[in-house]
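Chemist: The feature repeat 'WD 1' is assigned by Swiss-Prot to 34-73. What Swiss-Prot lists as repeat 'WD 2' is 89-128. According to Swiss-Prot, the feature repeat 'WD 3' maps to 134-173. The repeat 'WD 4' annotation in Swiss-Prot covers 179-218. Residues or ranges marked as repeat 'WD 5' by Swiss-Prot: 244-291. Under the heading repeat 'WD 6', Swiss-Prot lists 319-356.
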Amino acid sequence: MSQQNTVEGGFDLSSGVSDKKEWVFNLQEVIPTGHKRTVRSVAWSPNGEVLATASFDSTVGLWERIPENIRAEEGSDGPEWECFGTLEGHDSECKSVAFSYNGNLLASCGRDKSVWVWEAQPDADYECIGVLIEHSQDVKCVIWHPKEEILASASYDNTIKMYVDDPSCDWYCYTTLQAHSSTVWSLSFSPCGQFLASSSDDMTIWIWRRVSAAECVELGIQAHGNTPGRSGERWVPTYCIQGHFSGPIFSVNWAPGDSFDPRQALGKLVAAGADGKIIVFFLVRIYATLRGTYACAQSLEDNNPSRIFVHVGAQEENAHGSVDVNCVKWAPMNTDGSAPTMIASAGDDGEIRIWT
C-alpha cells in the first residue's frame, strides 16, 4: 500500500441530493503492462484471478494473480500480477475486451472492424476460435450475456451484432439490431439477461427485450439464432430513453443483482456522456390488467411487459467538471446478494470518482 487516493463525490440514488461522502482507496499495485500504446480497456475474469487488457498497440495482454502463499514461499517482494500471455491478431487498435460469465471465453474487438473469440485452454493459454468481421466500421464495445454464451458488439456503423456458437460450424452473427442513428458506444445486459441497453452518439438509450421462440410464433415474427439444441430468439426494441442528455452517451451500465422491489423490477441503469452528466434511471415494467389499469411487474423473470416506465432516480451535472464522462460502472453485487449502491466514473479530467 504505497499510495492513498481520496475520491470525493456522491449523490443519493433515490433523491439525487449530494451527500459529499468521502471514500479512501489504496493503490495496491501499478502493473507495467508492456503495451506500446494506450490501454483502452481492462476486464476481470469471473473468479478475479485473471486480468485482460486491450491496447491501441493491437494486442490483448493476459495477467494472472500470483497466490500469496507462493509469493511467501519464494520470499518474493515482486509484483502480485504476472503477464502469462499476449494475444495477437488484430490489425489495428483494440477497443474492448470482455470475459464470458464462466470465464471460459474471452472476446476482443478493434478498429479493424473485427471481433475475436478466444477460448481458455488447460495449459492456461488462449486459442482463437472465431474471427467475426460483420461490422462495416470499427467496433467500440463487446460484452457477454450474464448467463449464456451469447456475445454482443457495438459499432461506429450504428448497429449491434449478436453472436452464438453453432456446434455444427463456428461462431456466427445471428442477428443485427438497428435503432440508433449514429455510433453505438456502449452495451449492457440486465442481470436476468432478458434485456439489453445500448447507448449512442444520437443521445439515446434503447432498451431491447429478448423475445423467446415461442413468443415469436405468437407474434408472427421470425426467431433468430436457431442452432442444434437452441430454439433461438428475437431482440426487439422496447423503449427509447431520450431527452436527458445533450451529447453522445458514451457509457451505460446495468446494476448487478436481482431486485425484490416492484418499483425496480428491471433494476437500475446508470449512463454518462459528453455533456458531463451522470444519470441513474429506475426501470419499471407495467402490465395491462383486465380492468384497463396497469400493475407493476413483480420479478425479473416476468419478461413480457406491456410498457416500461423510466424514472430518473438521481442526476449529477458536471460530474467531472466541464469535461466528458467516458465510463460509468456499478460496483459488484453486495455480499448479501442485494444490488450495489456505489458507482465509479472516469472522465477526461484524468480522475476516477466514486458516487453513492
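Glycine too: its Cβ is placed from the backbone N, Cα and C atoms.
Predicted, not measured: the structure shown is a model, and the values here were computed from it.
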Chemist: Could you break down the residues of the repeat 'WD 6' (319-356) into DSSP helix, strand and coil, giving a count for each?
Modeler: 0 helix, 15 strand, 23 coil
Chemist: In the predicted model, what is the mean pLDDT computed over the repeat 'WD 5' (244-291)?
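Modeler: A mean pLDDT of 81 is what the predicted model shows over the repeat 'WD 5' (244-291).
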Chemist: If you count every Cβ pair below 8 Å, which range out of 34-73, 134-173, 179-218 shares the most with the repeat 'WD 2' (89-128)?
Modeler: 134-173
Chemist: List, by number or range, the same-chain residues at least 6 past the repeat 'WD 1' (34-73) whose CB is under 8 A from its CB atoms?
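Modeler: Residues 79-88, 90-99, 101-103, 106, 108, 110, 112, 118, 124, 126 contact the repeat 'WD 1' (34-73) from elsewhere in the chain.
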Chemist: Looking only at the repeat 'WD 1' (34-73), what are its DSSP counts of helix, strand and coil residues?
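Modeler: Computed counts for the repeat 'WD 1' (34-73) are 6 helix, 19 strand, 15 coil.
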